[in-house]
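The structure under discussion appears below in the form of structure tokens.
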Amino acid sequence: MNFTPNRKNLALEKLKKASCDHDLQLYREVPDININLDEFEEWAVERLKVLQILEQLSLKGNTNNYEDYTKSVVQEIKKEGLKHMYKLINGGIYKDYNENCDARKRDLCSHFILRLIYCKSDELRKWFINREIELFKLRWSLLSKSDKLKFLSTNNTNYSAVSEEEHQTMVESMGSFATAGNNNEYFKVRWTQVLDLVRNRKVYLCDGFAYVIQTDVISGICQTFRSELSQELVKCFQKFSAISEDERFGAFIKYLHQSYMGKNYSVTENMSSLSINTIDHSSKSFPLCMKRLHVVLRSEHHLKHQARQQYGLFLKGAGLPLEQALILWRSEFTKKMDADKFDKQYSYNIRHNYGKEGKKVNYTPYSCMKIIMGAVGLDEYHGCPYKHTNSQTLKQLLETSNISTQSVQEILNLSQNGHYQIACTKYFEAHNGASPSCTAINHPNQFFEESQKLKGINNGVFNNYDIDNTEFDQTIVDFVDKMDCE
């Protein structure tokens, strides 16, 4: 790809020559298309949002009914305003040919841009491959019969349609097995290309051809796609160091996978603002990472720098004014030090976070991804409990937070498998008795805001919210000296 000012007509012409006349691709050729840097970043972010939607919905267990799962994905993509991908995924087409080409160009280029971003480690490569396979399967399922045939022909897969005569032969030979569907559900291919299906007796064989039902066709194609993409990502990594040195987009491809792309909570829009009089009660709506820091602050009357940053900015985003933030921190810290020491060593940093000192930057609260990717040492309590807390301690914390044993185990399984944000979402659902309005929790302040809505907190009035939180608070206090960070 050439990162120069966009020349639309030239790009469209090159698109035609690059065999991009189909909504679905195996991405075998790097596009030789001119795009500008704004498009480079915008298209990558769009595709990443789609892949994250797929991950979040699949991990929430929405794939048991694939038709419902597909509808959920399409609706979520539409809700996010990703209109170009929505059109491609939904099998829709633009009336204008140039708009069709533009949508396909975005699809093609964004895939290769994300290859650059997700080639850097085995973990990132695995995540990207799995998400792209999910996206491919979903898009295949929404194609018409003619579009599937066109795709199979365009990509030299050697699959072809089953004729009426061939289907009748299948019916006569296979009886009810073949009549369960119709000829639109089968494709034929040389049997040597589907040895696994032959071995498992999942195909009808005749005259050197295997007759494959369409659900098994996509399985074979995905296996090919997975293998090819895995090899290409390794090749991409070999060139990554040189490419990432380009000052125009080097930082972008290095760090996009850590980025949070939602609301930044720099200005609170919560239903009610925090105050020092309501913060203890409001902490019942805090995510586990902030709940732990709140209790440690109350019990130990001190937090180390990174914990103060994480918790202080969270409180700012949740609506705690600067004046009351100073009162909160001073009231706790001065239980172990005099007020003069606090004012000299700590108050400046609090005002700095609120944009009142130094460069007067309006700092934003940490997102889940920023917290997850941070480092946590021994005797430190910031970070993500689903990642940075050992399994036994996490289990004990969950068991005393008034959620079911089944929910505890589900959260632990997600945490152990590296699905930290989905684990947090499961905790939200178990703790609140309902799902958040979003697909998954991506930000601590999002957790707090969504929880407030469900708990009926409005304009400082707490309705039907008398759950005793003492046992959970005491549990964290008891574990303050036992939480070994992994």
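FYI, residue positions are counted from 1 along the chain as it appears here.
Glycine is treated like the rest: Cβ placed from N, Cα and C.
Cβ neighbours within 10 Å of CYS368 ([4Fe-4S] cluster binding site), excluding its own Cβ and spanning all shown chains: 25. What TrEMBL lists as [4Fe-4S] cluster binding site is CYS289, CYS368, CYS384, CYS424.
Taken from TrEMBL, the feature domain 'DNA primase large subunit C-terminal' covers 282-448.
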Drop a 10 Å sphere on every Cβ of the binding-site residues CYS384, CYS424 and tell me which sphere holds the fewest other Cβ atoms.
CYS384
Check each residue in the chain of CYS289 ([4Fe-4S] cluster binding site) that is at least six apart in sequence and keep those whose C-beta is under 8 Å from its C-beta; list them in sequence order.
GLN310, ILE371, HIS382, GLY383, CYS384, PRO385, PRO444
